[in-house]
Every structure is written in structure tokens, then in C-alpha cells.
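Asks: According to TrEMBL, the protein has these features:
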DOMAIN    29-155  domain 'VTT'
TRANSMEM  12-29  transmembrane segment
TRANSMEM  49-71  transmembrane segment
TRANSMEM  106-126  transmembrane segment
TRANSMEM  132-158  transmembrane segment
TRANSMEM  170-189  transmembrane segment
TRANSMEM  219-238  transmembrane segment
TRANSMEM  250-270  transmembrane segment
TRANSMEM  276-294  transmembrane segment
TRANSMEM  301-318  transmembrane segment
TRANSMEM  338-357  transmembrane segment
TRANSMEM  364-388  transmembrane segment
TRANSMEM  400-421  transmembrane segment
Amino acid sequence: MNEIIQLLNQYGYIVLFLSLLLELIIVPIPNEALMSYVGVLCYQGKMNIILSILFAGVGGVVGATISYWIGYKLGVPFFRKFGHYFHMGPEKMERMSKWYGKYGKVLLIISYFIPGVRHIASIITGVIKLPFVSFCIFSYIGVFLWVGTFIALGNVFGPQWDQYQGEIKKWVVLFSIVIGFFALIYFIFRTNRNYIKESIVLLHQAAFRRFKSFLKIKFLILVIFILFITFFTLMVGLIQDLISNEFGHLNIIVNTLIFTIFNIHWHWIMYSLFSLSSWKVLGAIALLTIVVIFINRKNKWLELTFFVSTLIGGVLFSKGIRWIFHYMLSKNNISPDFPNSEAALFLMTFAFFFIMMMRHSRNYFYIGAMFFVFIFILAAYFISGIYVHHLKPSDLLAGYVFSAVWVTGMVFTMEMFRLISLIKSDLTKDK
């Protein structure tokens, strides 16, 4: 980086042009830092901000265009065979191709803000043969937004840029993630708009015109929705407490209570209870859940799909949330285990198992008994985690709450799909 800055000080705009051009032809150059430094030079009057954005933008545009035609001409076979030599192996190519095939145009704009993606964005669009005019419009907009943002920020903050660049980069990355998330939601709705419209009409009819139909599942959906809102509110509260560093008293009080009530004689029992979170036990519970789903024989493929999605998505959700907290709040001295991902996975696995055990039962005593067993297991793991491994109560609680938000959201969605299926089936019988 120091060598590039020295060259920039000597040759100015030419080095800026070439740096952007080369990075977008898969040459790893830390151009955010370089462009920010250019912005500082603009602040000091050593470079012109308009010319800097123009040279950087044109360099990026030329590099992106060359990459597009490389991908277009060489095609999929070349990258499948030789891509691993320059970090574009078959798996990465296939994954990126799917993304760009579905969301290419919008993803192309924001991809330049995401390290590791912008280097191959243009090549992927060439490989999947996105129309060149569409590529030019969205890619060139993305390039100029990218270079303009970092050069302008360097110019605004001037010599203080070093002091703020870490925080600014965090917010730029977070903003890109949020935009990408909403873009994904938009395209999901757009791709399935006919099904969504039909479902809304059916749900409206079921809610107002046929109010007395399917009352049990409607009541269940209402209860799950209330639980989702409750846990979501708790999650927001926990995030606020995390930012304000207000968990100290909670952790002290809970630790004092647990180590006062449970002395050394509980050692073996606590280890046994904590072993419920082992991969063997969780794997066995997952298999039992699948068995219960097939024994129930009620929308088994729907339930199985949502069970697998809940586990996989839940792990990604808990890990992703944890990464965001530690990336955004690294200076706040937050616990490295917040939220506890093991507690999140524990709750997800057992929650879905007990939901499947209770879902199709009409015996309310059995349902009540199962519910209290579930609460006991959660409490036992919570206490044993603090007793055995001295985990922070706030981390475990956050793992439970974040996981509960995900599980209730997934179960709510599953029951909505079930209700729509029942309404369609009922309408078919009427005909």
C-alpha cells in the first residue's frame, strides 16, 4: 500500500486510473484506502476532486468492461477448469452465477462496495451473458457511486479521515448488507407475485367471509404471531442494553443466585444437563423430530422443509447477527459470545421437536406437560451453562431470545402456508 501511495504522490491521476482498472480485473488492491487518501489530497488542494472521481471512475469502468468481456469470451468451461488458480473455482462461480442470474442488475450496483465480490462481479455477468447494455448501465453507475463515495468522504473529513475511516467502512458495509437484504426480499416477492396475490385473496376471504372456518389454526397463528412480536421486542431491548453496557448487574445477580443455590454437590448433575447441547444429543433430537413428522402424516413435506430451513437458517442468522454486533460494536467491549450461538441452536432444535410433538395433539393435558418439560430443559441448560462453563447469563439469554424470534417467525410462516393449503383444498371440494 505504501508503494502505491508513493506512486500516487508522484504520478497522481494516472496511478489512480490504473489502480481502479487493475482491481476490477482481479488484482487485489486496497482501493478504498487509496481513494480515501485521494480525497484527503483533494482536501489539501493537491488534487482536484472532480478529476479524481473522473479518472477513478473511468479506470473502474474500463476494468469492469474488460472483465465482462473476459467472462463473456472464455465462458463457464474455462473458469470451471482454471478458476481455482485465481479464486474463482467452480463452487464460487456457480453460487455467484445463481445470484446474478436472479438479482444481477441490482446486485451489480451494490457489489462494488463489497470486498471479494466486486473483483469478480463483472466476470460473472459476462459468463452468464447479461446483455451488454444492461451491464453498462448498472455497472457504471455502481463504479461511480463506489469511487465517488470514498473520495468524497476523504475530502469531507480531510486529515481526520484516519480517525473515522474504520467506523465509516463499517456503516458502508452494513448499508450494503441492508440494501442487499431488501433487494432479495423484493425479488422474492417479484418472482412469486402471482402466488402471493392469490394467497392474500384467500387469506382475506378466510379472515372475513369465512371467519368460522379453520378456527383452530387461525387461533394458533394468532398466538404464534403474538409470541413473535413479544420475542422481537425483547430482542430489540437486549440490543439496546448491549449498546448501553447494562448487563453487568444482571450477570452478577444471576451468577450469585445460581452459585448460592447449586453448590459443589451439583457438579455431576450439571455436567449431565449441559451434555444435552452436545452434537450427539442434538443430532438425535433432530432425527426424532423427522420421525415425529412422518408419524404425524400431516403436511409432512411442508413441516420437514421448514424444520431443515429453521436449523440451517437459524445457524446462519445467529452467526450473522453475532458477526454484525462484533463488527459494528468492536469498540464497545461487548462479550465475544453475544448472542451465544450454542444456546440458539439448542433452543431451535428442541423447540421444533416439542412443537411437532404438540402440534397435532388434541390432548390439552399432554400439550401442557410437553410445554413444561420444554421450559424445564431450557432452564436446565441455562443454569448448567453458567455453572459448568461460567457462560454469561446475558449471552445465553440473548441466544435464547434471538433463536426464539427466528423459530416463531419460521413456524408462523409454516402455519400460514398450511392454512393457505387448507383453504385451497376446501375450495376444491366445494367445486
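Keep in mind that glycine also has a Cβ here, set from the backbone N, Cα and C atoms.
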Asks: Looking at the stretches 49-71, 219-238, 250-270, 400-421, which one shares the most CB pairs under 8 Å with the transmembrane segment (364-388)?
Replies: 250-270
Asks: With pairs restricted to those 6 or more apart in sequence, evaluate whether the transmembrane segment (400-421) and the transmembrane segment (219-238) have 3+ C-beta pairs under 8 Å.
Replies: yes
Asks: Count, for each of 12-29, 49-71, 219-238, 301-318, 338-357, the Cβ pairs lying under 8 Å from the transmembrane segment (276-294), and report the range with the highest count.
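Replies: Per the Cβ count, the answer is 338-357.
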Asks: Quick check: do the transmembrane segment (106-126) and the transmembrane segment (338-357) share at least 3 Cβ pairs under 8 Å, counting only pairs 6+ apart in sequence?
Replies: no
